[in-house]
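What TrEMBL annotates here:
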COMPBIAS  381-392  compositional bias 'Low complexity'
DISULFID  Cys47-Cys53  disulfide bond
DISULFID  Cys161-Cys222  disulfide bond
DISULFID  Cys168-Cys174  disulfide bond
DISULFID  Cys185-Cys200  disulfide bond
DISULFID  Cys195-Cys241  disulfide bond
DISULFID  Cys224-Cys229  disulfide bond
DISULFID  Cys251-Cys323  disulfide bond
DISULFID  Cys258-Cys264  disulfide bond
DISULFID  Cys275-Cys293  disulfide bond
DISULFID  Cys285-Cys347  disulfide bond
DISULFID  Cys325-Cys335  disulfide bond
DOMAIN    40-117  domain 'GDNF/GAS1'
DOMAIN    161-241  domain 'GDNF/GAS1'
DOMAIN    251-347  domain 'GDNF/GAS1'
CARBOHYD  Asn357  N-linked glycosylation site
CARBOHYD  Asn413  N-linked glycosylation site
REGION    360-392  region 'Disordered'
SIGNAL    1-21  signal peptide
Amino acid sequence: MILANAFCLFFFLDETLRSLASPSSPQGPELHGWRPPVDCVRANELCAAESNCSSRYRTLRQCLAGRDRNTMLANKECQAALEVLQESPLYDCRCKRGMKKELQCLQIYWSIHLGLTEGEEFYEASPYEPVTSRLSDIFRLASIFSGTGVDPVASAKSNHCLDAAKACNLNDNCKKLRSSYISICNREISPTERCNRRKCHKALRQFFDRVPSEFTYRMLFCSCQDQACAERRRQTILPSCSYEDKEKPNCLDLRSLCRTDHLCRSRLADFHANCRASYRTLTSCPADNYQACLGSYAGMIGFDMTPNYVDSNPTGIVVSPWCSCRGSGNMEEECEKFLRDFTENPCLRNAIQAFGNGTDVNVSPKGPSIPATQAPRVEKTPSLPDDLSDSTSLGTSVITTCTSIQEQGLKANNSKELSMCFTELTTNISPGSKKVIKLNSGPSRARLSAALTALPLLMLTLAL
């Protein structure tokens with residue numbers, strides 16, 4: 001009898017400890033409406049297999065044809081179709097950059113989401129899946145080629161952008177696609193037309209989409225110590241054809257032109273989602289993710305919104321699309337804000353400098369490097385758009401901020417960062433979720449109380 005009671009006691013304690021160690025699963029309304037995201041091509045196939053969804057989708061596409069959002073929502077049939085589709089896989093679908101049917105995927109995405117926006121938004125949600133991986137391996141590779149950690153004198157004399165071009169020529173795929181866009185972008189059409197910009201842009205897109213980033217990033221973001229190197233970096237995309245024009249258009253007009261094309265619109269939205277300055281992180285990048293920002297920047301090359309270095313200054317990194325804010329009228333403030341996201345963007349500048357130095361945010365630099373640009377104190381910016389990527393930035397940035405402070409020996413800039421680190425130490429983040437679960441509250445605390453209440457009864461039974 002005593003052995004049986006002892007066995008029951010041990011079994012009870014084992015189950016109690018297991019339940020306390022595992023985070024409670026979300027229940028009730030927290031799971032309502034949640035669906036694992038799928039790509040929009042697959043979501044369209046799932047919708048087509050369901051008669052109610054497919055008919056509503058056809059209705060919505062007819063509603064969006066030639067109508068603005070307010071006119072569309074005034075129609076009850078259009079409004080009903082939109083409400084049904086918000087409960088379908090189409091609403092949460094995303095696309096992958098460079099996927100086989102990328103354009104089709106993006107067309108499906110915008111056919112739904114253009115009906116959900118009120119007019120033309122300043123920042124649009126990215127249709128692409130968020131980037132969660134890091135560039136640490138490529139940063140370390142760039143560090144080797146840039147000379148970080150070797151003789152500073154030899155490194156200063158080296159032209160890292162020339163080294164990057166030589167490395168590209170040693171790779172068959174990189175050499176082939178680079179030669180292709182150089183030939184196309186340098187081909188003069190007539191005395192008045194220096195090149196075919198449309199074909200040049202297409203060749204550039206193929207290069208940056210099909211060549212591994214360990215080659216393309218080294219050419220685009222190489223670090224420079226002199227003007228000759230910086231000019232070579234500026235010439236990487238053959239700007240006389242792909243970038244410059246006789247006159248600079250207004251930036252808001254250029255943005256409107258870009259948004260008429262699904263690919264250009266998507267790349268611009270992705271750039272804003274991943275490079276928009278965040279003043280809650282050490283690097284000024286959302287979630288301290290340099291890779292996401294650099295990839296989004298490279299993804300815009302080959303479109304109307306193609307950015308490039310504005311000059312050959314080796315130390316001051318300034319990039320911009322080919323546009324200005326002249327002629328903006330009463331929209332000048334909005335235009336200047338749009339342009340500053342390129343010309344005065346601490347996230348993008350820090351990411352480019354970090355790649356050139358070969359230092360990721362979680363990798364302690366082994367040699368002297370250009371200090372990261374500190375985010376200026378400005379008025380409070382609007383909250384980030386409610387998309388899949390931005391919704392994860394806060395939770396990730398808390399962990400990365402504390403990790404960076406520990407690994408790099410940096411001091412937090414203010415009490416807010418210290419309190420974020422304290423929050424990390426006193427909370428658990430359940431895997432696959434961005435929900436923070438406090439250990440001293442909720443179901444975990446209830447299970448602990450129940451265990452402590454039942455324990456004396458078992459002890460009494462054991463004694464009898």
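The first residue you see is number 1, and the count goes up from there.
Every residue, even glycine, has its Cβ placed from backbone N, Cα and C.
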Next item on the list: Using all protein chains shown, find which of the disulfide-bonded residues Cys241, Cys285 scores highest when you count other CB atoms within 10 A of its CB.
Entry: Cys285
Next item on the list: List only the single closest residue to Cys174 (disulfide bond), chosen from the disulfide-bonded residues Cys200, Cys224, Cys229 by CA-CA distance.
Entry: Cys200
Next item on the list: Specify the count of other C-beta atoms within 10 Å of the C-beta of Cys200 (disulfide bond).
Entry: 26
Notebook entry, point to check: For Cys285 (disulfide bond), which of the disulfide-bonded residues Cys251, Cys264, Cys275 has the nearest Cα in space?
Noted result: Cys275
Check: What are the DSSP helix, strand and coil residue counts for the domain 'GDNF/GAS1' (161-241)?
Finding: 59 helix, 2 strand, 20 coil
Check: For Cys222 (disulfide bond), which of the disulfide-bonded residues Cys185, Cys293, Cys325 has the nearest Cα in space?
Finding: Cys293
Check: Out of the disulfide-bonded residues listed (Cys161, Cys264, Cys347), which are within 10 Å of Cys229 (disulfide bond), Cα to Cα?
Finding: Cys161
Check: Closest of the recorded positions to Cys293 (disulfide bond), Cα to Cα, picking from Cys200, Cys224, Asn357?
Finding: Asn357
Checklist line | Rounded mean pLDDT for the residues that make up the domain 'GDNF/GAS1' (251-347) | finding: 94
Margin query: Between C-alpha atoms, which of these recorded positions comes nearest to Cys258 (disulfide bond): Cys47, Cys161, Cys224, Cys251, Asn357?
Written below: Cys251
Next item on the list: Count the other Cβ atoms sitting within 10 Å of the Cβ of Cys185 (disulfide bond), across every protein chain shown.
Entry: 23
